[in-house]
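If you check TrEMBL, you get these features:
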BINDING   Gly11, Ser12, Gly13, Lys14, Ser15, Thr16  ATP binding site
Amino acid sequence: MFAVGLTGGIGSGKSTVADLFAAHGVPLVDTDLIAHRITAPHGIAMPQIAAEFGASFVAADGSLDRARMRTLVFRDDGARKRLEGITHPLIRAETEREQREAQGPYVIIVVPLLVESGSWKTRVNRVLTVDCSVETQIARVMSRNGFSREQVLAIIARQATREARLAAANDVIDNDNAPLDALKAQVDAQHRVYLSLAGA
Ligand code: ADP
């Protein structure tokens with residue numbers, strides 16, 4: 001099925017834009033939800049994670065001990081790569097399964113780290129970037145998550161730059177100071193383009 005990879009930095013408005021496409025009946029595959037599910041109690045990544053990192057990384061309910069793993073991968077890049085070596089192939093496989101089962105004219109795959117984690121670009125027909133300024137990201141995430149400016153800046157510093165995401169895009173939704181009806185109008189127009197590209 002024709003697939004659009006939807007990406008953007010934290011607070012750019014990916015979820016908001018994805019919901020506007022879903023309102024047109026476009027099925028969504030959310031790689032963040034999948035990443036969470038495979039490390040939930042007895043998720044499919046858990047046996048490999050326990051084997052690789054030890055039972056101390058598995059919480060009592062059989063889920064990943066996220067706080068402990070975060071602490072480890074924050075200071076140990078090799079551990080982060082080993083973790084991703086387990087999770088990334090499973091996330092890709094689950095994404096492909098959901099994509100095969102999706103019903104609709106085309107599918108939107110929400111991939112926050114599309115630009116950062118290499119092979120996604122080749123797995124979709126179009127890359128759609130939701131764009132806004134760094135200042136807008138900061139204001140939105142401070143208000144949504146109650147984070148400090150420094151906390152948001154630290155997250156942004158670990159993500160691809162705005163320029164890199166724009167360079168990777170086939171299509172761009174401008175979500176800087178966009179009132180909701182202007183955002184909706186952009187999504188409606190983009191949806192018509194994707195219907196046509198998908199041959200629907
Ligand atoms: P992401 O999924 O990229 O992190 P969200 O879609 O969750 O971003 O948007 C971040 C926050 O900003 C949310 O609270 C959302 O409601 C708000 N938001 C997104 N776009 C707009 C907009 N155009 N106008 C006002 N608020 C917005």
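Note: Cβ is positioned from N, Cα and C throughout, glycine not excepted.
Within 8 Å of the centroid defined by the CB atoms of Gly11, Ser12, Gly13, Lys14, Ser15, Thr16, the record's ATP site, lie the Cβ atoms of Gly8, Val17, Val130, Arg140, Asn175, excluding the listed residues themselves. Neighbour list (Ser12 (ATP binding site), Cβ cut-off 8 Å, at least 6 residues apart, same chain): Val130, Asp131, Cys132, Gln137, Asn175.
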